[in-house]
Amino acid sequence: MSVAPRAQLFLFLISLSSRMGLSRYIEDNEASDGLYSLLSLDQKRESEDFILRRPLRCLDMLATEGYFTFVASRPQLACATFIIAEPNEVISLELSDVTIDCSAGDFIKMFDGWVLKGEKFPSAQDHLLPLHERYTDYCSSTATGATSRSSQNVAMIFFHIHSSDSGFTLAVKKLHNPFPCNIMSQSPEGSFTMVMPHARRNCSFSIIYPVEIQLTDLSLGQAKSNELSQQRQVWSGCSGSGDFVELLGGNGVDTSKMFPVADLCFSLSGLAQMKIGCDNSVVRLVSSGNYINRVSFQYRLLEGNELPKTRENSLDNFCTVE
C-alpha cells in the first residue's frame, strides 16, 4: 500500500473515531505522531529482516507486522487500535507483558473485524461466528485471552486503563488466506477477484472511498441472462436466486444497513461500471453453496468533479449514487 492512501485511511479513521467519542482522549500531537509513523513506515521496512517495534498510541492504526507497546502516561479510558493486512491475509494478535488491573476495571478486548460508529465489519449476516465469539476479552478468559486470530484482513483491539505506567505489548503477525472473504481495501484503487467454492457464505469487498467500480467478469452457478442493465433492479429478483452479486453504498461499514445500488444474478463477461459517491462502496458476493461463484472487478477513486450532485429530500443527500 502506498504512503498517501495509508495516511488518508488513517485520517479517515480519526474522523470516524471522533464521532465515536474516542478522539477527545487523543491530543493533537499524538495524532500527528501517528500519521508521521505511517508515512515513515515504508522506509523502515526496506530490510526484510527488520522487525518493527514502536510505541502504541491510544488511537492508532497498524498496517505491518511487529511489536507495539502501550504504556499509559495517564488514565486512558477509551482507546482503540485498527489493524489491517493485505486482502489475502488474516491477522494473528498476541498480548504479552500485560500489567493492567482487571479488578480495577481495566480491560483489553480483541475483536474479529472493525467497529466504526457502532457498526461492525463484517456484518453479523456475513461473518461465520456469532457476535459474542468475535470478542476475545483478556480479563475474562485468562487461559486463551492472550491470543486472537481474525477471519479476514482487519482486526482491532479496545483497551481501558486507569493507572499510569500500566500497559501491554501487542504482537501482530500476518498469515496467508487462500480464500479471502470480507475484505477491507487499504487503497482507493485496484482490482480483485472474489471466489467462493461450494460454500454457503456471503463475502464483501469494502472500499472506504467514493469510487467507480467496473465489473470485468462474473461467473455464477445459474446464468439467467447474457445482458447487463446498469439500472436498479427489483431487490427480490436476485435475492431469491441464492447466488448473486450486489453493489452497495453507504456511510457506515455494516453492509446490512447500506443502500442497494444494483444486483446481478446472471453471468457476465465484459465491462459494466457504476459510480458510487459514498464514504463506503461495497461489492458483495452471495453464495448458496451449490456452485463455484466468482466476481472480478476494478475500482478507482472518484475525482471531485465526478461526485454526483445531491438532490433535496432524498437518500441522495446522505449518500449519492450514479
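Keep in mind that glycine also has a Cβ here, set from the backbone N, Cα and C atoms.
TrEMBL lists a disulfide bond between C238 and one candidate from C203, C265; that candidate is C265. Looking at the candidates C58, C139, TrEMBL gives C139 as the cysteine bonded to C102 by a disulfide. C102 (disulfide bond) sits 40 Å from C278 (disulfide bond), taking the Cα positions as reference. It is 21 Å from the Cα atom of C181 (disulfide bond) to that of C238 (disulfide bond). Ranked by Cα separation from C139 (disulfide bond), the disulfide-bonded residues C58, C203, C238, C265, C278 are led by C58. The average pLDDT for the domain 'Corticotropin-releasing factor binding protein N-terminal' (51-175) in the predicted structure is 93. The CA atom of C278 (disulfide bond) is located 28 Å away from the CA atom of C58 (disulfide bond).
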